[in-house]
Structure formats: C-alpha cells, structure tokens
C-alpha cells in the first residue's frame, strides 16, 4: 500500500515536471517567434501599434535613392515573419469612425480647387485582407471622389464587417447594391465591376472618370496628378486593347462551363467542344486586361445601349470576359471616346492604367523584380520604388505587405509628400 502511494506521488511529480517543461519550451518558442516577427499595423489598431514600429526606422528617401544600407534594412526585414492585422482587428478599429478617421488622418487630406471640380469614381473589387484594402482607400481618398466597394459573397464575416464599417464612416464610400460570388476568369468578375458602375452612375456625385482596382493594386500618382492626367484624355478612355492571338481567340470561340477544379481557385471556367456563334452586331474582338479608366459617357453607353447588353450576354460563357469585353467595346464605332479599329494595338506598356511586371519579360521590357513572383507576376520589393514612381503608369499590381511592407509604406509616404507639395504650390 505504501509502495503504491510512493509510486503515485512520483507519477504526479513527473507529470508536473513534464507540463512545466512544456510550458517553458512553449514560452521560449513564442519569444523566439516574436523576436523574429514584424507586425504591420495601422496606428492605433492594437496596443502594440502604439509603440515604435520596425518600419518607423526606414528612410524612404534613401530607399528612393537606392542607398545600399537602407535597401539592406528592407531586405533584413523580409527575412523575418511578417504579421499583418487580421480582419477582425480592422473591423474593430473601423467601428469607431471618429477615432479611426482621426488616427488615419482622413480629415487632413488636402485637395485643390481643380480636384474639387473633377471628381473621380472608383470601383474596388476585393475579397480579403481588409488591412490592405483600407490602405488602398487611404492612398486614393479625397472627399470629392466617390468609392464603390464590391466584396465577395464568399468573403469572411470579419472582412465584410470591416468593409461595411468603411461605408458607415464616409459619405462618399458605399457597398455595391448587388454582390456577386466571384469566380476566377468567370463572368462574375466582370459583373462585380458592372454592379459598381451602375451604382456609381446613380450617385449624386457627377464624376468625370471611373477607375477600377483590386486588393493588390496601389496608386503611383497623387490625386492631383491623376486629375491632371485625366483632363488630358479629353473624353477618351484608357485601357489595353489589342488584336487577339490564336491562343487568346480560343477564349471566346468556344463555350466554357464553370466546373469544380482540384487546385487553388476551386471553381473556374473549363473549355468545352461547343463552338460559339460570332459576337453580335459584327463586333470585332479585341483583348486586354480587366483594368480600365473609362469616361462617364462611355459607361453610360455601356449600361444602356442594347449592343452592349447583347455583347455582355454573348460573353457569359467565354473565358475571362473582363479581358475582352472592355477592350472590344472601346473599339465599337460611335461609342464615346471611341478608339478606331484601324488604330494600332494598345499594350499594357502604352496604356498607363496598370503596371504589371511579368517574369518572362523582365530585363527586356523592365528591370528585374526585387520582391518575389506569384503566378509569373512580380510582387514588388522596396528597391523598385524609384522605378515605379518614375515609369509613368498610374497604378501598379501586385503588392503584398507580407512580402515587402517597405515598398507600400514608402509609396504612401511619397504620394502624400507629392500631394502636399502640389497643394502648397497652387496656394502660393
């Protein structure tokens, strides 16, 4: 009996020792993990963000000047685990509109009279990472502009809550009245933009041009610069529109069906053997990208003209219709801002709508990517700051704070500097 009691006490002590050892090891692991992590947070989201941040020590002017020591700092940060605020925290942060607006300094945005008289509309089709969406909104925000946000039916509750909070905090930000379940390369992606365009036309803001963005875009121009460039268009549209290759023609010469797939996208259009009829109204097919800068008159035409409606219906079972719908409509004779069919191709380099760096064209058409690649597209790194700002494009894709938080911070800083300088210059 005594022997059993001794064994029981030994077992208890051993159990306590093992549990204590596990807790110590876990705490050491957490400390090492935290020491090797960088937290990217808008000011005031959590208590941690009230303390000095690693990014505070980055000199963006030195990054712009490609000073080796400062570029080295950014590379050192990228070796660490980069942690961004989750959607729940952003939803909580944006729930108190007064505090949120003050801490993110929306109330300090400066604009000129020229900008006030030239409002811009935005269609933001997003589905995740509310922290990045908020940073995009802050970078393009001006009180005279108007912003439509289309989230995805599949987005998380916290993400949707954060988007709805943004709507609540600003009179010129709203959620699209109709929300799609967006599928990759499917008509739903095009419809998401069309839903926003319809709502934007119904708004009281008499915007001149509309620009569409996704959650991995970022501006390269200040609002003042955008207004200056948009005025130069003089009613024309700006987007890619080129004659399709044989491979691209396959996208609309055959019918596609949305099917379950075993990889990343889960569902996507799959080609069938059923040939499609030619497009209605003898529309000549051109291809481009999903990105556009469109005049109000052109959008009004697309939303109301039977030709455009018929073409949209014809495009329903094509592959990635957003990449040929706009490119083809821009060439239709008689549309506002028409680009004649006989005019040369407008490539992504000629159109200033979006700067995308493809890995197979690097070191031929543009410098090598200093970030990383995802599906052949460069996710920009800090060393590309100067090139991005001097290239001449208006927006770029792709950015990811978990890949390189420095490039986004420095773009924010440089664009704010430019807007301030331009406003002060107009006043003086």
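Placed from the backbone N, Cα and C atoms, the Cβ positions cover glycine too.
Database features (Swiss-Prot):
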type	residues	note
TOPO_DOM	1-12	topological domain 'Cytoplasmic'
TRANSMEM	13-30	transmembrane segment
TOPO_DOM	31-428	topological domain 'Lumenal'
CARBOHYD	59	N-linked glycosylation site
DISULFID	60-214	disulfide bond
DISULFID	148-369	disulfide bond
DISULFID	169-196	disulfide bond
DISULFID	378-410	disulfide bond
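Recorded features from Swiss-Prot, shown on the structure.
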residue : record                      : DSSP class
59      : N-linked glycosylation site : coil
148     : disulfide bond              : strand
169     : disulfide bond              : helix
196     : disulfide bond              : helix
214     : disulfide bond              : strand
369     : disulfide bond              : coil
378     : disulfide bond              : strand
410     : disulfide bond              : helix
**Complete:** Per the 10 Å Cα distance test against residue 196 (disulfide bond), the disulfide-bonded residues 148, 214, 378, 410 reduce to 148
**Same chain, 6+ residues apart, C-beta under 8 Å of the C-beta of residue 148 (disulfide bond), given in sequence order** = 121, 122, 123, 124, 174, 175, 176, 196, 199, 200
**Message:** Within 10 Å of residue 60 (disulfide bond) (Cα to Cα), which of the disulfide-bonded residues 169, 369, 378, 410 do you find?
**Reply:** 410
**Item:** disulfide-bonded residues compared (60, 196) - highest count of Cβ atoms within 10 Å
**Value:** 196
**Asked** Could you give the Cα-Cα distance between residue 369 (disulfide bond) and residue 378 (disulfide bond), in whole Å?
**Response** 6
**Message:** Return the residues near residue 169 (disulfide bond) by Cβ distance under 8 Å, restricted to its own chain and a separation of at least 6 in sequence.
**Reply:** 94, 97, 100, 101
**Fill in**
Here the 10 Å Cβ neighbour count for residue 378 (disulfide bond) comes out at 27
**Request:** Mind telling me which of the disulfide-bonded residues 214, 410 has the densest Cβ neighbourhood, counting other Cβ atoms within 10 Å?
**Result:** 410
**Prompt:** Quick one: Cα separation, residue 214 (disulfide bond) versus residue 410 (disulfide bond), in Å?
**Reply:** 20
